[in-house]
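A.B. asks: To start, I am sharing the structure in question, which I have written as structure tokens.
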């Protein structure tokens, strides 16, 4: 093998590797959504209804046929030129696939530093694989002195799309030692910064309502204090560390704390060292990863072990000696829900105040009560709390109302728990005019998933249109709806959210209301 041949194969490998890496972008995006967990990627990829796997198989088959066909059709040019021409469909189909897959994921790929490193590793792996296969085929052709080997040298590379998830997972495993060390250093710096800061640290956890309570607490406390909170649903050690990286120029720091497995809350508490805490409640959310409701309760209550003062939800039973008694002495009473908002009586100890908000749903009043209890512990008076509560704005994508063309749109796409879903449906039924719901069902409920989705289906009876999205969990929703006496003519199952939106576009008119409930990410 001459230097000229090596360089030509290397150049071709780099060009083809670049195209194939861009083709892998959706797989890398899902790996990112899985928290860079390879098992999660494989569980998603090899699900029997996965469309991306079918697209990869179609791409591989198309490349296999066209590369072989081009090699045969141009064989009269000689094996060297015919082989070169046969690479054209390999690259061309790859480019077409990239263009057609730009919107393959609902959650776009985030070009984070970690993803750029992972992408670079994938690029090196793919280039090395292409170079190795090309060199192997060249040596095989020389050893066999076969024109056929020379002619079909690039044909094995057509099967590369079938290896995308394995290449992404292998790249992730190669990068894991570096990423773990990098994350530890990053989190350690955040821990030092938090320990050195005089600000009051508050941890917020629970099976439901964490983000909403944090949002309301942020807005209410900001009327009197300088407050910093973890943005959106940042509730992991890295999410908190990223928030802290920008500085802690505040009086109060609100840290949302999520948990999918035993030990998660302890790790977050070790990082933040909260002085105050809120445990909103315990439900069957994440039952799939915890295994039992008792394990979920034990994990959520770890926050109460760390925080000297805690606000506890009604479903939390905690008997720690010295636990703050007034942490429980609050409630949202006499709740009145309409399509314009929610009013309720806020009780803090023996004091009461009537509050009117633009927030929708009974659960919103309860979330405000949690935030109000925290505000009270931090020194705000009831009049100050009531005034701040009246100004609260909805949490984005959590029963957020907007109007488009006279149609009321209730965006509850980030709601994934059973109680919240049922509350959202209850709120939808308050509206006048025709009422529609779009949902893929509920997830991560373990052995209760079918039962809870059946309950959701039963709650949908009486609506004018039910659009179920996907094929994985909607069968239980559909069965629950029909068993509860629902009209089968109002029930439709569609493969994607985009198709459901097209149906609604042709059907909705001014005065109608549509609820988008739990828009699942691509990993489901």
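Note that Cβ sites are derived from N, Cα and C of the backbone, with glycine treated the same way.
No curator has checked TrEMBL annotations; they are predicted automatically.
Pulled from TrEMBL, these are the listed features:
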- 204-374: domain 'Mur ligase central' (DOMAIN)
- 397-516: domain 'Mur ligase C-terminal' (DOMAIN)
- 6-31: transmembrane segment (TRANSMEM)
- 78-99: transmembrane segment (TRANSMEM)
- 120-141: transmembrane segment (TRANSMEM)
- 153-175: transmembrane segment (TRANSMEM)
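Tell me what's around each of these sites.
C.D. replies: Nonlocal intrachain contacts for the transmembrane segment (78-99), taken as residues 6+ away from its ends with a CB within less than 8 angstroms of a stretch CB, comprise 12, 15-16, 19-20, 22-23, 25, 55, 59, 62-63, 66-68, 70-71, 147, 150-155, 157-158.
Among residues of the same chain six or more beyond the transmembrane segment (120-141), those with a C-beta under 8 A of the stretch's C-beta atoms are 1, 5-6, 9-10, 12-14, 16-18, 20-21, 24, 28, 147, 149-150, 152-154, 156-157, 160, 163, 167-168, 170-171, 174-175.
Residues 16, 20, 23-24, 27-28, 31, 36, 38, 41-42, 45, 56-57, 59-60, 63-64, 67-68, 71, 83, 86-87, 90, 117-118, 121-122, 125-126, 129-130, 133-134, 137-138, 141 of the same chain lie 6+ residues outside the transmembrane segment (153-175) yet bring a C-beta within less than 8 angstroms of a C-beta in it.
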A.B. asks: The transmembrane segment (6-31): which same-chain residues, six or more beyond its ends, come within Cβ distance under 8 Å?
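C.D. replies: Hits for the transmembrane segment (6-31): 37-38, 40-41, 44-45, 52, 59, 87, 90-91, 94-95, 97-98, 101, 104-105, 107-109, 115, 118-119, 122-123, 126-128, 130-131, 134-135, 138, 157, 160-161, 164-165, 167-169, 172, 522-523.
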A.B. asks: What does the DSSP secondary structure composition of the domain 'Mur ligase C-terminal' (397-516) look like, as residue counts for helix, strand and coil?
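C.D. replies: Counting residues per DSSP class in the domain 'Mur ligase C-terminal' (397-516), I get 49 helix, 29 strand, 42 coil.
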